[in-house]
């Protein structure tokens, strides 16, 4: 086993860093700062992050087949042209709710953009419960709602054979699986495959590796854990120097590096002085596994 090494590569200190996505075309890491209201792009060449400021909380970013990006902004699916810094609304959800926003989102292997909502937080992980829903934006720009009664819609990914959809509703402290129909984008037969231990705290963002194992960032747990979705066993724990680890993805030239986002919201001065890298972006090398390249939105 090669030795695991962790480096803070972007120290700009996101309030809530989230949704890391490797952009192969640009050779760069995309991510968002939800409450900081910006989409960022970090280059391993310049070791700098560029940011585009937005007018609402931006909770996820995804690649678009035709170029540029799609994002979830407030309760809107929107298109983002990077060079022009131009945002165009595609469609809006949760029109009957005044107090929700999108949270995590990801594109499925057929190019559909899945993303879920949650109530606006009073403080981190404290909010009105069961206000969220899970949606899909199809390539024809229509939207389907899968279910509601969600607390904090979070991590999502698909099995390597595309027959299983993995999903996290954070306050259930569970990683769930659904049967997945790639032709239609329909999900069903929900079940829990892993319940988090007390010290792992709250499950947040998630990604899959080329061996079909899941990696879950543990918010307030200061770690990412590797799970076997078949056996429901935890295989590995990687601890980070910050408590509020929020999400993870694989990237780099051959998708052998893991990038982990983190948050600083809700931390007082004393806590921040102990964890000066809170809100930073971390690169983990030496895991000995590779990730699956992200799928672009086909619309």
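Glycine is no exception: its Cβ is also placed from the backbone N, Cα and C atoms.
Features reported for this protein in TrEMBL:
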DOMAIN    16-264  domain 'SMP-30/Gluconolactonase/LRE-like region'
BINDING   18, 154, 204  divalent metal cation binding site
BINDING   101, 103, 121  substrate binding site
ACT_SITE  204  active site, proton donor/acceptor
Euclidean distance between Cα atoms of residue 154 (divalent metal cation binding site) and residue 103 (substrate binding site), Å
6
Here are the binding-site residues: 18, 121, 204. Which has the lowest count of other Cβ atoms within 10 Å?
121
Rounded Cα separation (Å) that holds between residue 18 (divalent metal cation binding site) and residue 121 (substrate binding site)
16
Would you list, in sequence order, the residues of this chain other than 101, 103, 121 that have their CB within 8 A of the centroid of the site's CB atoms, where the site is the one recorded for substrate?
34, 57, 59, 100, 102, 117, 118, 119, 120, 127, 152
Binding-site residues considered: 103, 154; fewest surrounding Cβ atoms within 10 Å belongs to 103
Is it possible to get the count of other C-beta atoms within 10 angstroms of the C-beta of residue 101 (substrate binding site)?
22
